[in-house]
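Before any comments, here is the structure.
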Amino acid sequence: MPYLHRSLRPQPQPVPGDARTIHSSGQSFEQLRQGCLQSGTLFEDADFPASNVSLFYSERPQVPFVWKRPGEIVEKPEFILGGATRTDICQGELGDCWLLAAIASLTLNQKALTRVVPQDQGFGSGYAGIFHFQFWQHSEWLDVVIDDRLPTFKDRLVFLHSADHNEFWSALLEKAYAKLNGSYEALKGGSAIEAMEDFTGGVAENFQIREAPEDFFEILEKALKRGSLLGCSIDTLNASESEARTSLGLIKGHAYTVTGLDQVNFHGQRIKLIRVRNPWGQVEWNGPWSDSSPEWRSVDLEEQKRLGHTALDDGEFWMAFKDFKIHFDKVEICNLTPDALEDSALHRWEVTIHQGSWVRGSTAGGCRNFLDTFWTNPQIKLSLTERDEGQEGCTFLAALMQKDRRRLKRFGANMLTIGYAIYQCPDKDGHLSRDFFRYHASLARSKTFINLREVSERFQLPPGDYILIPSTFEPHQEADFCLRIFSEKRAVTRDLDENIDIDLPELPKPTPQEEETEEEQQFRALFQRVAGEDMEVSAEELEYVLNAVLQKKTALKFKRLSLLSCRNIISLMDTSGNGKLEFEEFRVFWDKLKHWMDLFLQFDVDKSGTMSSYELRTALKAAGFQLGGHLLQLIVLRYADEDLQLDFDDYLNCLVRLENASRVFQSLSVKNKDFIHLNINEFISLTMNI
């Protein structure tokens, strides 16, 4: 696959209405639907076929599933029946309670729900077996188109379904989300906050309940009023505890939805209550304030009605907030915008987005524990210029998300352990070196490195310039990431890898023969013996000359220069264009080669005859090539071996091609030093010659 440059520059916050359709046909939902209506056919989605490939990638169904359209399951199917509510969500035979908890939370915010579940579809007029749903993914909204064939067994939906068997919006939403992530199996296991963010483009904040602030009830209450999506769960100590039921009816390792908070009068006291929903649609808390507990007998009937108290086993229940804090461990809040939950006033936050990659051998440096490679990670400069209203510092929230890991599960990819550190920026600009991190500690960091899709943290720092370094915990781990910076006042962010600066010295003029050094005279004799009277060598002859000379350099450990390197050298130095190298051209190159050899020996730290690819950035800069992260990634992919090492031949080949490309660009960019204009013939000619 050809390389496509992915910019790390800040991206604008996307407009939710501008969703991009990702169907392989290139057509929008409406175009596809109209095509089906005109042809009188029901839509069949070739991108997500009604077969096992869309169900599982590592197993097979234990019973034969039959894909059926809603009209083949019930007589009168409805898309949404009586409004989309949290009771429309009942878990099936798939371990995606985290997704169902997020959908239940989504139903509490009508505006967000309408965006994810467009209302321009149904089983009435205009029905063509096609539906669409919108999800946020890494800075943009995607419109996911599906057909309405659903997996069934004995005419019952196998996976997510509504309590009313005629209603299908929730089952179709689950299918669209499965398509987005590659299969239904990809939805097994997760955190509710992941789907909440995909439903809103919001930003997550996580609370360990035992460490929560004193006003935690008010924080949650305010979050619900602002339309935030809330989930909660109970931790497990080991895998055997997953979905184990406690004596009070709670399920460990299971995702619940927080659907309400309130207070009631009880024996002259105001009791704080929290309403929680189990996406199974059954199995509830059976302690104080549960559906049939005696506490409700002391509550006025009007008050019970206001709270929606029922004794149905529908998976939703009230419990005292003090009991909630004892029995639950974690609360996840997805803020539609990261409004400060501790303040009563709403704020409009500024948002910048950076897309980047950790690439093994060049930008996958790991955390600060790995000093030798940590500095090679992407570095984002953050300039905080304005203090918050009435505050001494500047508030911002940094959210680091690893991309597409769920979609890549079928290929063995798991969530990586990620986090970030923030440093005071020194006066000088440019990518910070290893020595900086050797002598400077971070000012702030994510609380922990953790294997979640996103790590987010709120900070308040004095005005100034800072460097934020996102990384995996271990080095050499590859992933794409999305970094979002939310700030109360305008903040300027810039990627430090973007600056490319190439400093090429002027080519020296030929030295008169009578002024040649003893070494040059020896070269002339060897050159003349190989080249003959015309004093020009071919690539094969140059290979012989250079290897004969370099084999005598005992400090330089390498097998031999390749013919490819010699061809590239001639391409760089051949001014006549005859494919051969004259002696004067060779002498100029020899001066370069001596300098490049000295650099190689300097960065061959263990004197093994190879250089670590992580040292390449510094070595190239010393040779006059300050390159951005994406170029370094390309170079490492091309020249480093599987152990992330470059031998001298690879190193030399890289430098020769870099200088050749740079000099060609300089010769063509006469009017504008940043751009050149080429037609297809010129472009291909150049690429074949570099």
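Glycine residues also receive a Cβ, built from the backbone N, Cα and C atoms like all the rest.
The range from 1-23, 70-92, 231-253 that Swiss-Prot describes as region 'Disordered' is residues 1-23.
Here Swiss-Prot has LEU81, GLY83, ASP88 binding Ca(2+) 1, and the candidate from GLU140, GLU167, GLU174 in that same listed site is GLU167. CYS97 (active site) and ASN278 (active site) have their C-alpha atoms 8 Å apart, to the nearest angstrom. The residues of the domain 'EF-hand 1' (518-552), classed with DSSP into helix (H, G, I), strand (E, B) and coil, number 26 helix, 2 strand, 7 coil. Each residue contributes its Cα atom, and for ASP606 (Ca(2+) 4 binding site) and HIS254 (active site) these two points are 51 Å apart. Taking Cβ-Cβ distances under 8 Å and a sequence separation of 6 or more, the neighbours of THR610 (Ca(2+) 4 binding site) in its chain are ASP604, GLN645, LEU646, ASP647. Residue with the densest Cβ environment among the binding-site residues ASP604, ASP606: ASP604, by other Cβ atoms within 10 Å. Under DSSP, ASN278 (active site) is assigned to coil, being neither helix nor strand in the three-state scheme.
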